[in-house]
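Novice: Got a structure for you, questions after.
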Amino acid sequence: MASARHDNQRGGLTEPGEPVSPAGPGAGDGTPAQASGTAAGTPAGAPGAASGAAGSPPGAAGTPRHIPVLLAEVLAYLQPERGGRFVDGTVGAGGHAAAILEAAGEAGRLLGIDRDPQALALAAARLAPFGDRVRLVHGDFRDLGRHLAAAGWKAVDGILLDLGVSSMQLDDPARGFSYQVDAPLDMRMDPSQPVTAADLVNTASRDQLARWIAEYGEERWAGRIADFIVAARQRRPITTTLQLVEVIKDAVPARARRRGGHPARRTFQALRIAVNNELEGLEAFLQEAAGYLRPGGRLVVISFHSLEDRAVKRAFRALAAPQVGGKEGAAFRILTRRPVTPGDEEERRNPRARSAKLRALERVAGGPEPLETAPDIDGSGGE
């Protein structure tokens, strides 16, 4: 998933879309590691099911150890041991990417994309041992076609997306993602983007706030929370996380606060999704991204809340449907009849992994050729 950032480390990364050397900007100090274990229910044939994280090459000295969610399952479905070209569209600190490159061996190449400059700094340090087998880009995975063209790739063997907010972002107080600590109300995954959560909270209409909180947060008390936000901001601007938490607590009836977790959880989720446009075009992007897969290539998506999972499910079903008027049937097949979830051991090691759901899709051999949207620009032939 898109991962942590510290504004004081932006200097090593320039404009969005510009590649970052794997030996480039070093990791920041003190960024908490994201931890998880391997889950039960790994598909048959998982390559080294329990060994992915442990076997990853060490990053630069001082690089936090980021152990990604559902790692064994990601490797089982992507099958990087076949070699080829892979995209990690939410490279984060590089945990999944390192395991993919290690499993793929010398025949493997990886394009890593992330909106968060600090995440790319961590990934660059962690993935430095892989040298020119990895290319890192500051950007949005929804611009995949442009990033592939810049790399000179026409088709790929696997695409991974790990959606949502990371533990590193949640644990960094300066980010403003957490409702547990006081911080500026920011929530931007990419600091170059102009709009913060405070901007939305203080300028959006009452009805717009209520829609976001109801739709993106699935919050029963959305209208009441929006009313209280508007009333509070008329007294003074809401600029910190705990200011907003207190407004939400006042809005949610006492009987509701006693059950269902922290009363601010759903509203914070809604604002984060709105700030980062996390759901905008996700379904359409997944259908477009699948078009870059070679026959036999796979698209693996990890989601963390029901809105994301439903979008992934709908996109995969549309891709796997028989083609109207086609003679060869569907060009894709769904590999996960039900979403794959973490096992008990992984949940014990990382409670935040509990809501993770993995879905996977394969391009069926003999389907239409992968999209070719741009000529090669590196002379490699792109295939």
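For all residues, glycine too, the Cβ spot is worked out from N, Cα and C.
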Novice: TrEMBL has G94, G95, H96, D114, D162, Q169 down as binding S-adenosyl-L-methionine; which of F141, F228 does it also list for that site?
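Specialist: So, going by the record in TrEMBL, that would be F141.
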Novice: Going by DSSP, is Q169 (S-adenosyl-L-methionine binding site) part of a helix, a strand, or coil?
Specialist: helix
Novice: Any idea which of the binding-site residues D114, D162 has the thinnest Cβ neighbourhood at 10 Å?
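Specialist: The binding-site residues D114, D162 were compared, and D162 has the fewest Cβ atoms within 10 Å.
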Novice: Given the S-adenosyl-L-methionine binding site residues G94, G95, H96, D114, F141, D162, Q169 in the record, what is the largest Cα to Cα distance, rounded to whole Å?
Specialist: 18
Novice: Taking the Cβ of F141 (S-adenosyl-L-methionine binding site) as the centre, how many other Cβ atoms fall within a 10 Å radius?
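Specialist: Other Cβ atoms within 10 Å of F141 (S-adenosyl-L-methionine binding site): 23.
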Novice: With every protein chain in view, what's the tally of Cβ atoms within 10 Å of the Cβ of G94 (S-adenosyl-L-methionine binding site), excluding that atom itself?
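Specialist: G94 (S-adenosyl-L-methionine binding site): 34 neighbouring Cβ atoms within 10 Å.
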